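Student: Dropping the structure in here first, questions after.
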Amino acid sequence: MPPTVNMGIPGASRSIVENLKRKRVLLAEPRGYCAGVDRAVETVERSLRKYGPPVYVRHEIVHNRHVVETLERAGAVFVEETDYVPEGAIVIFSAHGVAPTVYAAAAERNLRTIDATCPLVTKVHNEVKRFARNDYDILLIGHEGHEEVIATAGEAPTHVQLVDGLAAVQQVVVRDENKVVWLSQTTLSVDETMRIVERLRQRFPKLQDPPSDDICYATQNRQVAVKAMAPECELVIVVGSRNSSNSVRLVEVAMGSGAGAAYLVDWAKDIDPAWLAGVTTVGVTSGASVPDILVQGVLKWLAERGYDVVQSVTTANEALVFALPREIRSAH
């Protein structure tokens, strides 16, 4: 059983490597699949079993190349818009959510829809609708062009303004400073988001907070684990795809928390051996849309190069499970 470095679970122990010079890996816990991703991927898998291929999916079901390619081989067809789906066919909406206009377009073509939107994204959609009904200006902190942001803003486009970074704060214009609320994309850096909120509040002192955290539990947990291990790491390897917002944020968090270097890789083969020069401790984690088989591939690659001591850095335990969409709950 590998030694454990526990940074947040009561009653757990911290084992010390006898030879501190020995090459080692710090493995972040939690990492990888979150409840929303697990639900979305299983939705596609069960739909393929229930209805048979092809099953159409609007956009990548989650932002991970391995997952998408695996589902494509099983018969999933990924399309950018519902226009590419044959009339009357089944289409699954990705974990990132869709705007009401997408539902309307699907209905016009008699498509049978299955919604794999993460329930935590749906929560933000509901917040947008509620604040829009009360005629608030909604400042949505997020990344321009990200599918989740497009979908969330689409719930109330006349009320939502995107705030993409600190520089965008100065461009915000509101109608009534007493009726302003901020919401956020679920996969952002917690620290960066709060810096933006602080700047917004300097401009709008009566800025309201969301009813509850919009940044999801899994995003926060993975960032906390990286923060805990980064100061001890000369190198952090984040397994994840470049179009995965939460994976990219983990690289940023690692660098901002004291790691000597941090890189994003899809697979073990993407690792440059030159990164290991002079490195004793390597941190490893993965984004919320990454299956653990890819992390195991990285650990094997590192072990072959002498990094054969693996210590878990545990900051939280996760047990959340979301119910599947009703259309496929009976499929096994």
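Yeah, the Cβs are placed from backbone N, Cα and C, and that goes for glycine too.
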Student: His146, His159: which one does Swiss-Prot list with His63, His96, Ser244, Ser245, Asn246, Ser289 for the isopentenyl diphosphate site?
Tutor: His146
Student: Under DSSP, is His63 ((2E)-4-hydroxy-3-methylbut-2-enyl diphosphate binding site) part of a helix or a strand, or is it coil?
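Tutor: Looking at the DSSP assignment, His63 ((2E)-4-hydroxy-3-methylbut-2-enyl diphosphate binding site) belongs to neither helix nor strand, so coil.
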Student: Name, in the order they occur in the sequence, the residues of the same chain whose CB lies under 8 A from the CB of His63 ((2E)-4-hydroxy-3-methylbut-2-enyl diphosphate binding site) and which sit 6 or more residues away.
Tutor: Ser241, Asn243, Ser244, Ser245, Ser247, Gly287, Ser289
Student: Do any residues at least six apart in sequence from Asn246 ((2E)-4-hydroxy-3-methylbut-2-enyl diphosphate binding site), in the same chain, have a Cβ closer than 8 Å to its Cβ, and if so which, in order?
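Tutor: Same-chain residues close to Asn246 ((2E)-4-hydroxy-3-methylbut-2-enyl diphosphate binding site) (Cβ under 8 Å, separated by 6 or more) are Thr187, Ala218, Thr219, Arg222, Gly240, Gly287, Ala288, Ser289.
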Student: Find, for the listed binding-site residues His96, His146, the residue with the lowest Cβ contact count at a 10 Å cut-off, counting only other Cβ atoms.
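Tutor: Across His96, His146, these binding-site residues, the one with fewest Cβ atoms within 10 Å is His146.
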Student: Please report the number of other Cβ atoms within 10 Å of the Cβ of Cys118 ([4Fe-4S] cluster binding site).
Tutor: 26
Student: For Thr186 ((2E)-4-hydroxy-3-methylbut-2-enyl diphosphate binding site), which of the recorded positions Cys34, Glu148, Cys216 has the nearest Cα in space?
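Tutor: Given the candidates Cys34, Glu148, Cys216, the nearest one is Cys216.
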Student: Tell me, by DSSP, whether Ser245 ((2E)-4-hydroxy-3-methylbut-2-enyl diphosphate binding site) is helix, strand or coil?
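Tutor: For Ser245 ((2E)-4-hydroxy-3-methylbut-2-enyl diphosphate binding site) - judged by DSSP and reduced to three states - the answer is helix.
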